[in-house]
Structures are given as structure tokens and as C-alpha cells.
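Input: a single structure, listed below in C-alpha cells.
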Amino acid sequence: MAIERITDNKFELVSKYDPAGDQGQAISELVENIENGEKAQILRGATGTGKTYTMSQVIAQTGKPTLVMAHNKTLAGQLYSEFKEFFPNNAVEYFVSYYDYYQPEAYVPSSDTYIEKDSSVNDEIDKLRHSATSSLLERNDVIVVASVSCIYGLGSPKEYQDSVVSLRPGQEISRDQLLNDLVGIQFERNDIDFQRGCFRVRGDVVEVFPASRDEHAFRVEFFGDEIDRIREIEVLTGQVLGEVDHLAIFPATHFMTNDDRMEESIAKIEAELEAQLKVFRSEGKLLEAQRLEQRTNYDIEMLREMGYCNGVENYSRHMDGREEGEPPYTLLDFFPDDFMIMIDESHMTMGQVKGMYNGDRARKEMLCNYGFRLPSALDNRPLKREEFESHVHQIVYVSATPGDYEMEQTDTIVEQIIRPTGLLDPVVEVRPMMGQIDDLVGEIHKRAEKNERVFVTTLTKKMSEDLTAYFKEMGIKVKYMHSDIKTLERTEIIRDLRLGVFDVLVGINLLREGIDVPEVSLVAILDADKEGFLRNERGLIQTIGRAARNSEGHVILYSDMAKALDENDPADKEILDSGYYTEYEGKKYKITRSMKHAMDETARRRDIQMAYNEEHGITPQTIKKEIRDLIAITKKTDSGELEEVDASAMNKKERKALVKKLEKEMQQAAAALDFEGAAQLRDMVLELRAMD
């Protein structure tokens, strides 16, 4: 039975802050553009300017159901936590891949190796996915924070909605009919272990535990063949929380198919099997034909008997009634037509959207060519980028450095440059590559005397190693951050840098998560004129931003300055006319297009920030950020106060008990989607284990 979506709920933003800096202007521009029907726009916001708050204000003021996409689970979890705080009275949902572990089905012809699909589903995330889809069909005030997994097939929203079991007090329906209806939407009867997606029966009382809940269930009480009343109960204690006048029970799976559709689907699968067997046999692929026939007939038998089979998603084209090549249903189809999409870190996320389809296709083609799957399995896939675009009603790309794709989609760019702390983008200068190491040594000594830190980025592993060795010979306290270093070690290195155990961190890629250090006042980029992934415009801007947390922030780009530009040389004059040059000691030298654009953009932002600070009497202050010792572990005393525990003073048995306790807390934090807290607890556990 279909249900009506409640459309009169409003978003209610709860925050103790008012828009600061240029947030107010950015918010009003974005809202005005949306209300004027602008399809795509970019929020180009510098790091640390409060882009999530701006996004929240835009959602609240436009009132549109919104999909917020991020490029990984960790970032999605952080955004989800922030939006939950901003909108405690609205439906803020979380939709990411529910696999803790996932090994996709694959075949490697070179070694004749078939790898069966193997996975482990996270029950908590599965619950949140069900909560997201049910909220989207029930109400309008919904924000769904999702990873790119939201463009993967999910089942038909119409079948899902039409399968809803709708109950009201006074409704005429027999108890047995309700039980049949619940089984029909994939609920299981379990009178002993009552959990999500189950129901239990006690005389004239049926208790239902929805797939989207984790603590509360519903008790349906019958009087003959009529529902007497419906109560919400706490699962653990059985305590009645209140009565409800309507209960919509959504299916326990997103992949719903009624009996008639199932028979149609099986007939189509059989027809496709017959056609594909003819193709294989005509090509002399008898092994492939036998394999396909055996596997598919087994799946058909399972579908007939159980309504389900292993890898049922590979038959989704037939189950959904789609034509060959048609896009699958995804989370996007559950939204109303006028919904809004916000893409966080769009320069990363849109690249993922583009790449998902091709990677999936290559793996599935191998399975189909060798008789492991029917060709229709190719239509169990993520959306292509063009198909994703066809779902877009209105979209906001959010990034400090928008990608080429976003820039091609729209000319409407809204900027957010002012940081509430008053911090400026750093001063950037270019210096010659000749003598760069000695020059850098001098700069490092200046920073060390002021108790400040330095980042040095190189292009190759060998150069990083050689540079680190040279600095050590010169008496500089230095460490090298390379790709083999694990997360925990990286955290330790950053902590030691902040504490002043060493002054200089050398690395190739210093753009990873968690490497924002307020004590860093100098970033030196060696070989800045060598175009590539970390020396393109976006890479340079992001690396330059590492010095933007310190009021003394300074960046030096070391570049080849072997030959000054000569205005009388036609080739040099062309470079001078293009503007891709810099001045050093009265002479002009060629620089790359990326360097020029990164420097110009940083200078432009800095000028705007300085003017704002001057007008409002703001003095930039370096961010004060607590330095947490990994070994410092706190526990609650009997009085409820926190006290620090010295792990090194514990014996082995005490540490083992503490590890057990922390692991439990880590799992609780992960279940509550506090991924940062869970990661900190994990690091503590690893540290404690390393001590024994």
C-alpha cells in the first residue's frame, strides 16, 4: 500500500553562531541562485571558512530535501555528525556501503581462478540505509549524507513503496493476514531472538521490529479481525512509550518483487539463458555453456523456492523490468523531483562518480565472457556520469579547488574566502633551484629559533631520503613521511612535530588527512615547476594551504631559474606576454601555468582577507589546537571525574584489561558513527599492544 509523503515539515537550523566573515553573502547568493532556478553552481570556499555551516543555512532557507555526497566514509561520517547537530529536529540520514568487508565476484583467465563474492554486512549501517529510504518516502525535511555508493543499484522505489504495510487502529485485517503481509515484505518470524526485520506473535498481539530501527518496535493489538491499538515499545524492557495512530512498515529489503513479477523475471532469465547457450555453443565454448547452464538453473530453482538466491542482484534488470542498457534504480530515485544535491570536495567526488562504471564493467565482462554470469549481469552496475547528471535538478559543487568538470558545468561561482579566525592565506614567493638546499637550511634555522615548524615536499622518494639524510648531517631535527608509514605512525610523527621533538617534516604527499599543523609557518615546495599530480594548480593550492593555519604562514616555490627571460628573444617575449613569469632580484624568469595560477589565486584571496580584517579590526591569530599524547588514556573515577592513566606504569594484565575495555568503546563509537573517536581509540589499542 502506497503512503503519502508529508510535505509541510520545515527545516529548523539550530546553531549558537551567526554567519561570520563572508558566509552571509555566500549564503544569500547561493539561496538566490537556487530560487531563480539555477541548475548548477560552485561554492568555492577556502579551507577553514565554515563551508558546512553555509551548506546548512542554504538547506534551511531553500527547504529542499538534500543529498550531500562525500568521497569516503570517514568524511561522510564527519558531515553526518555536523548536520545532525545543525538539524536535531529533522531527518538527517546516513547512506554508505554497508559492507565491512567486500570481495567482489571475479574471474582471472590467466590463472583460471574464479573468486567467489565474499562480504560482511554491517548491521548498523544497513539500519541507517533503511532509515534513509523510509524517511525519503515519508517526509520532505530530509538530508541524506552519502558516499558515492549511492549511485549503485538499490531496487525499484515504486515496488518498495507499494509493498509498505500500512496499519491504523480500527482497521479491519486479521492477525493471520498481517503475518502473511509481513512475510511478503521479507520479515522473519522469530519469537525468541527479536531483532531488526523480525516479528513475533503472542496470542492476539503481533510485535514488529522495523528494519530502520534499533531500539524501538511496535506492538499491534487485535480484537477479533480488527486492530484495537498500536503502541510503540522499547525492545529491551518492553516499556510502552506511547500510542500511534498510523504505522507504516517498510520492507526489510530494498529489492522487492511481487509474485507475478517474480514469475515474469524467471521466464526472462530462462529465455536469456537459452539465447546465451546458443551463442556459446555456436562459438565452440562448451565449457562456458555448461558452467552457465548449471549455475543459472540453480539460481532459478532458488528464486522459485525461496524468492532469493546468492548474487540475486545480477538478475536485477529482469526483476526491475528494465530494458537492456537502462540505468538501475538508485537512492537518487527515492528523492522527490525537486531535490537538491551538494557535492562536498567535488574535485575528488566527481572523479569517483566518473570512474565507478568503467571499473565495474571490466570485471563483469570477464564473468559474462567465461560463463559465470548472464550478459544481463552487466546491468547490475553503478550509474554512468551522464545518467547521474540526468537525475540532477539543482546541484552545488563545494570545494576549495573545483575540478575541470565542475567548471565546465557552470559559470556561477560563489566564493567564501574569509576565515572567522582572521587567518590569511600565506605569502608565496618563487626562488631559484640553484642553491635551494642551502637557502632552505637558512630558512629552517630561522623558523626553529622561533619554535615554528616546516613542511618540505619533494617529487621522489629518493630525493626525500637524501634530503632527510643531509638535513640530519647539518644538525637539523628532521623526519621523513613516506607511503609505507601506517596510520598510527603518521599520527605519532605529526604529534612529535607539533611537540617540537623535530622541526622539519619531509614528504612527497603532505595532503593526506590529519596533516594540518598550526605550528607550521613555512612550506617549501621543491621542483615546483615540474608539472604533475602534486604540482598542478589544485595540488599547489592545497599544499600552499598547509601554511594557512599560522599567522606567519609563508610558502617558497623552488623553480628552475638558470636563464633569465630576454625581451629581445621572440620565444622569451611570448612567455612575457603570456604573464607566466616571476621576478627575482630584478630579473624575470619563466614559471609554469600552474604556479602562476596558484600564486595569483592565493594572492587574490589574501588581499580580500587583509581588507576585511582591516575594515573590522581583526588581528589574525594562529589556531591553538591541543596536542594529544597517544599514550595518555583517561578513565572515569567513581565520582565521574576523568583522570589520566599512565599506561607505561601498568603491568601486562592491567594493560590487557584496558585494551579489552577500549575495544568495546571503539565498537560503540563506530556504531554511533563517531569515526574520529573510534580511530583515536583504535590508535590507543595499537599503542598498548605494542608495549607488550
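Residue numbers in this text run from 1 along the chain shown.
Cβ coordinates come from backbone N, Cα and C, glycine included.
In Swiss-Prot, the feature motif 'Beta-hairpin' is placed on 98-121, out of the ranges 98-121, 146-169, 218-241, 362-385. DSSP assigns G45 (ATP binding site) to a strand. For A46 (ATP binding site), the same-chain residues lying six or more positions away in sequence with a CB closer than 8 A to its CB are A400, Q416, I417, R419, D425, G545, A548, R605. For G50 (ATP binding site), other Cβ atoms within 10 Å of its Cβ number 20.
Taking Cβ-Cβ distances under 8 Å and a sequence separation of 6 or more, the neighbours of T52 (ATP binding site) in its chain are L79, E82, F83.
A Cβ within 8 Å of the Cβ centre of G45, A46, T47, G48, T49, G50, K51, T52, the residues given for ATP, is found for these other residues of the same chain: T54, A400, Q416, R419.
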